[in-house]
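Engineer: Mind looking over this structure? Questions follow.
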Amino acid sequence: MADSSEALLETPLAALHRELGGRMVPFAGYSMPVQYPAGIMAEHLQCRASAALFDVSHMGQAELVGEGAAAALERVTPADVQGLKPGRQRYGLLTMEDGGILDDFMVANLGDRLFLVVNASRKHLDLPRIAAVLPAGVALKPLPDRALIALQGPGAVAAIATLAPGIAGLSFMGVGSFEIAGVPALVSRSGYTGEDGVEVSVPAERAEAFARALLALPGVQAAGLGARDSLRLEAGLCLYGNDIDETTSPVEAALTWTIGKRRRTEWNFPGADRVREELANGTRRLRVGIRPEGRQPARGHTPVHAPGGAAIGEITSGGFGPSLNGPMAMGYVAREHAADGTALELMVRGKALPARVAPTPFVPHRYAR
Amino acid sequence: MSDTKFTKDHEWVRLDGGIATVGITDHAQNALGDVVFVDLPEAGRMVAAGEAVAVVESVKAASDVYAPIAGKIVEVNAALADNPGTINSAPTTDGWFFRIEPADAAEIATLMDEAAYAAYVDTLA
């Protein structure tokens, strides 16, 4: 969270958020809508039932251009970037020399360049980190003048495809350039809700007109950061700063799948020594899904105990899942307590709340694979 | 609701037949958002004014609910366990939290009346 004495930044959709009655809160240095008048529950269910529009323009966008850009990016990530085909996007981690996670990010191969999306709260660290490892001939170009708008839900692609039919031809993690309602847009079929949908990068000065065009489509409603958080947690997706950070490794975070197969033979990424050792010998703790019994949520930082016993971990994200119709959480527990179904106790306000380790996602993904 | 009193913690209190009924205000439920769970005190518990005695959880966050006056909890609204959304839909009627037998009923008179509470809420905007 930014120092509250600093002026908050606004996205290109700030005026639209106010017009829609958005309740604005500080997030990663930006003034962002946590919800609109419909409320988090309704906005969440709207996304699962039809389509929800999210402003995620606070996130960092950048391009990496030049011969050898993919190999250069691999100096700061264990993801397989060189193997990413044109028109495809991949999720990855930026790792640190000690094996901690600097950030998580998306990278797309646009043919003549790479397109990156990083977290708002980390872009001030990520971009200099990437720039520092680039060889001559490869340039990192931040794109502060672009907005990012997500349209998510089972009706999202059908809705936006009425404006640009080609979007329906993308598969999950496919990317392409389209003109949508007269606005040049970079579209990826991806998101942070577990639903089918798209994230669309557009020029900042066209963002409001673009968002209005989407909101005018049947079945589309605006949703805020509150619903985005409950949707991503139901989908079992990590939030940087909660579930992963500079102290957690990719193996502890159960994100080993983001490490390219080739990278696991080369071991030439930051933190490779720790990752290699942890893959060989296991970690002391693991990130797991957790289902509290009953209806009481357990929030982030709730201590996790073995039943009647010692502290074995901590909740990193927790809340109530509107589609799950029950409480849900994720957190780190000692490895011997990490198997699905293991009984746990969550210490909520001094009382032990029974819970179990549970597989994620809590609500099945519905990607267009 | 002219006989209803209010606290700065956004509880309302209404005295009827020597027993004070307590809930959270419309402003509070609106700020919290959709309520999904409420943790109520045990009947029979003695509480001090300002003591945290209940917890209300929305999708977004957990918030304490305080005893507006000292006394004994004599009843809790058990219907909220199955229907916590009543706190959103009817915060000042069916969405009540608990009833207190006041240690000193005069304590209620020291709380804000509706106009004073409305003015207080305006200062928070």
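Each position is counted from 1, following the chain as shown.
Cβ from N, Cα, C; glycine included.
The domain 'Lipoyl-binding' annotation in TrEMBL covers B:19-101. The N6-lipoyllysine feature in TrEMBL is assigned to B:Lys60.
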Engineer: Please list residues from the chain of the residue listed as 'N6-lipoyllysine' whose Cβ is under 8 angstroms from its Cβ, counting only those at least six apart in sequence.
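Structural biologist: Residues satisfying the criterion: B:Leu32, B:Gly33.
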Engineer: Name the secondary structure element type, per DSSP in three states, that contains the residue listed as 'N6-lipoyllysine'.
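Structural biologist: It is coil.
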Engineer: I'd like to know the mean pLDDT over the domain 'Lipoyl-binding' (B:19-101).
Structural biologist: 96
